[in-house]
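Taken from Swiss-Prot as is:
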BINDING   C30, C221, H253, E257  Zn(2+) binding site
BINDING   K289  ATP binding site
MOTIF     32-42  motif ''HIGH' region'
MOTIF     286-290  motif ''KMSKS' region'
Amino acid sequence: MTEIRLTNTKSRRKEAFEPIDRKNVRLYVCGPTVYDRAHLGNGRPVVVFDVLFRLLRHVYGEGHVTYVRNFTDVDDKINAAALARKDAGDPRSLEALIRERTDETIRWYHEDMDALGALRPTQEPRATEWIGAMIAMIEDLIAKGHAYEREGHVLFRVRSYRDYGALSGRSVDDMIAGARVEVAPFKEDPMDFVLWKPSDDELPGWDSPWGRGRPGWHIECSAMADGLLMKDLPENERSFDIHAGGIDLQFPHHENEIAQSRCAHPEGEFAKVWMHNEMLLVDGKKMSKSLGNFFTVRELIEEYRKQFAVNNIGPAIRLRFLQGHYRAPIDAARHYIEQASVKLGLWWHFISEHLDAPITDKDRRDILATSPVIEALADDLNTPLAVTYIDGLVSRLRGGIQKQGYVDAEMDDLEMVAKRARVAIEFLGFTFDDLEEHHGPVQLKRLKERQLSASADVGVRIGRLLEERAEARKARDFARSDAIRDRLQAAGVLIKDSRDGATWELEPGFDPAKLGEPE
């Protein structure tokens, strides 16, 4: 059986993964707050942990993995969106408007994540379906001295859990010293956080021992993870395998989840392994509406459908996410997504040219049994290495690279090379037969043109560099000539020399930023 190694945020080490129960491997990923369209950053954890889900199913069997990803459908942002509709004249009750908004947003979310090629989780609980379990957990925490009620609020007593801060590597005293926010007067300690808060007549609420109110954000995931992944376990085994999410959730959300859950069930471990994907950047900066680099998944899909006849840019977004390791930030600016789309189109083209017969289930099993893609993913989800392997196979099909370290004698059969490439692509979550429609010749041509026109002076800059190179060659300054050639090649410009001079074309992966300025 393939050994999976994962970086555990809790231990800060890469560890061999051994599930608690190989017949029921359990994964929990924090899902969205459903008040608006998913932005691009929301998509990265979905894609990253979709790959993990696929890997776990491959190793342990499809029927032996439980993947839970929740919907937070009770939140002040949701309330604000519903109140805005009511203020605009909608006569319906706030409860009806909230339900409509959350149902609508969940539908959008499914559409957008489907477009990114993500499998649906095994379970997708809504927080509002688990209010009773949250109240029961809060009552238990109060009874054990870990929580207290003040003015209709229930707060978690942070100092009652001695390991608070271990996940994020923070000290409670240092956090208090560095805090610059006003502390609510009903708190015993500035670090205590809300488990339950009161609701006025206008806001949604549920009856509880502390009055009508609604849950705090952190208790939701603790209750849902417990109820769906650990409910039938003995107290001393109250643990599940992997808890994952974006790095922005590490503190305070995941730290607070651990504190609540470990205090409610002190003999259990809650989650054995914690995984966090790093931030998404756009043009080297964190996404922000004020910087003008913020966009939703749906906005990108519609933009590329209208401008470039790409019916679904989602696979290109997915590939861009997979080109970087999940524990490193990645830039998903438009030109990188376009480069990924071009790459998908080339993958489809060269594989299709060499693949005549359909791939059988036995073919897939045999190929995956020895595939370097599985090896790469088993090594802490090394998706960049998996993509590089596919690139190597496609290069072989293109007649470019004749030998790679991982290519064996079997690779003399180009149809087998194509089969291996297609199986690898599909394992990473791409539907091969859809690539022609979304990233075929028409889209490839338009996107290559877009790459050229993305910067108005790209052609001029390349021309000037080639002129400098020609002058250097004429002066027999071959070091200078080679340096210019290397710069152009690094940027993704293919140069073809002839008696009449040099011509050029853009390769997949062209990056105008690497051209620099002519000297």
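Along the chain as shown, the residues are counted starting at 1.
Even glycines carry a Cβ here, placed using N, Cα and C.
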Next on the checklist: I'm trying to understand the geometry here, so how far is the Cα atom of C221 (Zn(2+) binding site) from the Cα atom of K289 (ATP binding site), in Å to the nearest whole number?
Outcome noted: 28
Item to check | Tertiary contacts of the motif ''HIGH' region' (32-42), as residues 6+ beyond its ends and Cβ separation under 8 Å | outcome: 71-73, 75, 77-78, 80-81, 101-102, 105-106, 108-109, 112-113, 246, 279-280, 282, 287, 294-300, 317, 332
Next on the checklist: So if I draw a 10 Å sphere around the Cβ of H253 (Zn(2+) binding site), how many other Cβ atoms end up inside it?
Outcome noted: 18
Next on the checklist: Let's see if you can do this one: DSSP helix, strand and coil counts over the motif ''KMSKS' region' (286-290), in that order.
Outcome noted: 2 helix, 1 strand, 2 coil
Checklist entry - Once C30, C221, H253, E257 are set aside, which residues in the chain still have Cβ within 8 Å of the Cβ centroid of the Zn(2+) site? => result W217, H218, E220, S222, H243, G245, L249, H254, N256
Checklist outcome for this item: For K289 (ATP binding site), the nonlocal same-chain Cβ neighbours (under 8 Å, six or more residues apart) come out as none
Item to check | Nonlocal residues around C30 (Zn(2+) binding site), in sequence order (Cβ under 8 Å, 6 or more apart) | outcome: P45, R69, N70, C221, A244, G245, G246, L249, H253, H254
Checklist outcome for this item: So C221 (Zn(2+) binding site), by the Cβ count within 10 Å over all chains shown, scores 28
Checklist entry - Does E257 (Zn(2+) binding site) have same-chain partners at least 6 apart in sequence with Cβ under 8 Å from its own Cβ, and which are they? => result H218, C221, S222, A225, H243, F270
